[in-house]
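Record features, source TrEMBL:
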type   : residues : note
DOMAIN : 4-43     : domain 'RecX first three-helical'
DOMAIN : 50-90    : domain 'RecX second three-helical'
DOMAIN : 99-141   : domain 'RecX third three-helical'
Amino acid sequence: MSDALNRAMRLLAQRDHSENELRRKLAAQGVSEGEIALTIAHCQRYQWLDDARFAQRYIESRSRKGYGAQRVRQELGVRGVARDLIQQALAECEIDWSAQARRALERHFSLPLSPDWATRVKVQRYLLYRGFFSEEIQDALRDLTS
């Protein structure tokens, strides 16, 4: 077994990686482009490396940590996952993003929320930063202030 394949297997044993992440990490370890291409092809052939599976697991993981679809989409893009795979994974996941926004809000702010404008702005800014859409934020605020 080649040194590049051993390195790739060690990295993939720790956690799933996108193809781009694995390519970048192997290059940083001094592996040649030719060896990287062969290693990635081998890993894909044995389904050790799969960007679609990586995207699904990443979405599940980040949503559990209180991040919204927008933020997760951006992070997957930075990790080199193709837009169509990101869209497909987001469409297939069965996550109630409004409920996720509500949980993130409940974890970060003491309830009941103050009805003043400054608090609403603070909550909206926080949830926007976490990657939730405006509709999801409004749903969460409506549920927790009514």
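Backbone N, Cα and C define each Cβ position, glycine as well.
With a threshold of 8 Å between CB atoms, the same-chain residues lying at least 6 positions outside the domain 'RecX third three-helical' (99-141) that come near it are 63, 66-74. Sequence-distant contacts of the domain 'RecX second three-helical' (50-90) (same chain, at least 6 residues past either end, Cβ-Cβ under 8 Å): 16-21, 23-24, 44, 97, 100-101, 103-104, 107-108, 127, 129-133, 136.
According to DSSP, the domain 'RecX third three-helical' (99-141) comprises 31 helix, 0 strand, 12 coil. Per-residue pLDDT, averaged over the domain 'RecX third three-helical' (99-141), rounds to 90.
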